Amino acid sequence: MTTIVSVRRHGKVVMAGDGQVSLGNTVMKGNAKKVRRLYHGEVIAGFAGATADAFTLFERFEAQLEKHQGHLVRAAVELAKDWRTDRSLSRLEAMLAVANKDASLIITGNGDVVEPEDGLIAMGSGGAFAQAAARALLLKTDLSAREIAETSLHIAGDICVFTNHNITIEEQDLAD
């Protein structure tokens, strides 16, 4: 699996993910890019789960963004509806984290679209470790969103065998 972290702080939203691709207990690749920009660079998206499934979901989500003129929540809800009702999609094993200047969301294969209260998303195999680290850093430091995302992923990578330290980070100003 992998670990994805997204943090909103000090006028920025940051999403970061590690680069490990595993097949069972074997590391197949260490430098995969699991965080990318969508919809003319206005949306940051990351995935945890099966890589091929995630690419399918990225394509479907980007199509929904185009259809709904970049409206993040509407596109996420429509993707989640499709995911629940389309038989081929319902078998996909991946989760998406998406963020723009207005919101940060988790989209699951169960049809859930969740906007965390504190603007913090952590998911994947190392998600609980990254979330604990990021939450502590948010509460007890004045670090930037980027520093929190990067540090929490490094901590998750130290603990979770399915998370490495090859990190991809995307950052966006909330004022854009």
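Just so it is clear, glycine is given a Cβ too, placed from its N, Cα and C backbone atoms.
Taken from Swiss-Prot, the feature active site covers T2, and the record attributes it to sequence analysis. Annotation source Swiss-Prot lists Na(+) binding site at G157, C160, T163, citing sequence analysis.
Taking the Cβ of T163 (Na(+) binding site) as reference, residues of its chain lying under 8 Å away and at least six apart in sequence are, in sequence order, M1, T2, T3, D18, Q20, G124, S125, G126, L153, A156, G157.
Under the DSSP three-state reduction, T163 (Na(+) binding site) is assigned to coil, being neither helix nor strand.
In the shown protein chains, 22 other C-beta atoms lie within 10 A of the C-beta of G157 (Na(+) binding site). Within 10 Å of the Cβ of the residue listed as 'active site' there are 30 other Cβ atoms, across all protein chains.
Note: the Na(+) site is recorded as G157, C160, T163; in the same chain, T3, D18, Q20, S125, G126, F129, A130, L153, A156, D158, I159, V161, F162, N164, H165 also have Cβ atoms within 8 Å of that site's Cβ centroid.
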